[in-house]
């Protein structure tokens with residue numbers, strides 16, 4: 001499903017881990033941005049006709065044979081171009097400058113000496129000042145292309161910021177998109193709004209209207225099936241579709257018995273009572289848990305759950321009959337093409353819950369969120385009037401509690417884990433911490449320890465608690481709970497949940513760990 005955007009910033013991705021952050025920063029200004037891999041950048045330029053282009057960073061070196069380049073048409077289109085890190089080096093190499101391996105690498109915090117006034121620095125940095133930026137480079141520019149001048153230097157980069165003001169070409173060795181460059185967002189805003197002259201009129205209200213019109217045009221009078229999990233992505237998808245096509249939509253909520261406490265009741269109440277959406281609730285807990293009983297391999301757990309989900313969803317869809325479209329809550333990061341210096345770009349489109357269903361059932365896909373990041377989806381949810389408790393709900397994995405129960409899965413262990421998890425989240429909400437934490441949950445370890453309760457000896461499970469802060473889930477830090485909170489929560493779990501006699505707290509960040517345990 002495509003929606004049109006008149007003023008777009010095109011971001012050419014050379015494989016940087018923070019390319020998505022550039023797009024999100026631009027969107028936060030109220031300007032639409034789109035990412036394309038360097039291999040298909042020329043097609044993106046012809047299709048999108050952008051008002052400005054940003055060249056991303058990269059793990060590659062311009063000195064390597066076959067390293068990525070931008071289409072030369074980028075520099076011939078007569079539009080503003082901003083190069084960031086590797087993007088700066090690519091711009092210089094392609095326009096006649098020179099890049100060499102640096103004698104002094106710069107990683108982390110650095111200071112930029114502002115040498116000249118520039119439209120990029122207007123109202124942000126003054127000539128002669130020293131400004132904190134974030135660097136991550138080994139190579140550096142050593143000779144400028146014709147028409148360029150130096151506007152900023154650093155200890156390890158004599159051409160840390162350069163510009164050709166006549167052609168509106170700007171390039172920086174540092175990363176303005178990361179929070180560690182305190183004024184980076186203002187610099188990007190100067191480039192997008194002042195230099196490129198793009199109006200910041202992209203909003204969720206406008207996107208909502210465009211998406212509804214696009215859904216109606218694509219779907220017509222046909223029926224649509226939507227898999228509902230209760231998470232923010234599927235919830236926003238369902239409400240947006242219902243606003244567009246009303247009773248043509250049927251939602252299916254498959255309860256696999258591995259969800260959080262009271263989650264099924266909360267989902268049913270919201271969508272049946274508040275939105276009057278036709279919703280089929282399938283209680284398939286016995287089927288899933290029986291199939292998982294005794295399974296210890298985390299990958300087999302995921303595959304078993306995925307296979308059964310497809311079987312249940314397929315069976316329920318056949319009962320409805322006549323549906324031509326399957327709706328998915330696919331987000332923009334799921335469809336952005338990954339970048340490889342050699343070979344074709346690879347597009348990741350499958351969704352862990354319904355992957356393979358459209359082909360098996362001869363249905364067409366409708367993906368109204370495929371142009372949005374997670375924070376865009378939350379904004380759209382507010383625009384649609386979804387309750388905050390659903391919009392701010394912590395991420396929850398498709399396989400549910402099965403992957404928070406390392407070792408063999410049993411019905412008893414899932415119930416123990418569900419109760420412990422509910423207590424932990426209850427204490428987090430009481431302490432006013434829920435919205436400060438990206439994700440929090442309990443894990444039931446496949447370990448039993450000796451304990452003493454009353455006059456008796458116990459031999460019961462260990463419960464681990466996990467809480468992390470994050471912006472996008474790509475990296476995460478553990479949340480520093482105070483000892484009073486942990487002591488209070490541990491006491492409740494041990495006293496109220498039969499089967500647990502010890503509680504520990506996970507203080508691993510990502511990397512090196514992952515957020516989930518399996």
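Any Cβ shown, glycine's included, is placed from N, Cα and C.
For 8-201, the entry in Swiss-Prot reads domain 'Glutamine amidotransferase type-1'.
Feature annotation from Swiss-Prot assigns active site, nucleophile to 85; the stated evidence is sequence analysis. Sequence-distant neighbours of residue 85 (active site, nucleophile) (same chain, 6+ apart, CB under 8 A from its CB) are 16, 56, 57, 58, 136, 137, 172, 173, 174, 175.
The active site annotation in Swiss-Prot covers 175 (among others), and the record cites sequence analysis as its basis.
Summarising the environment of residue 177 (active site), the number of other Cβ atoms within 10 Å of its Cβ, over all protein chains shown, is 28. Taken from Swiss-Prot, the feature active site applies to 177 (among others), supported by sequence analysis.
The annotation domain 'GMPS ATP-PPase' is assigned in Swiss-Prot to 202-393 on the grounds of sequence analysis.
Its Cβ taken as reference, residue 234 (ATP binding site) is surrounded by 22 other Cβ atoms within 10 Å in the chains shown. Among the features that Swiss-Prot reports, ATP binding site is placed at 229, 230, 231, 232, 233, 234, 235.
Within 10 Å of the C-beta atom of residue 231 (ATP binding site) sit 19 other C-beta atoms, taking all shown protein chains into account. Each residue in 228, 236, 237, 329, 390, 393 lies on the same chain as 229, 230, 231, 232, 233, 234, 235 and has a C-beta within 8 Å of the C-beta centroid of that ATP site, without being one of the site residues. A distance of 33 Å separates the Cα atom of residue 229 (ATP binding site) from that of residue 177 (active site). The Cβ of residue 230 (ATP binding site) has 20 other Cβ atoms within 10 Å, all protein chains considered.
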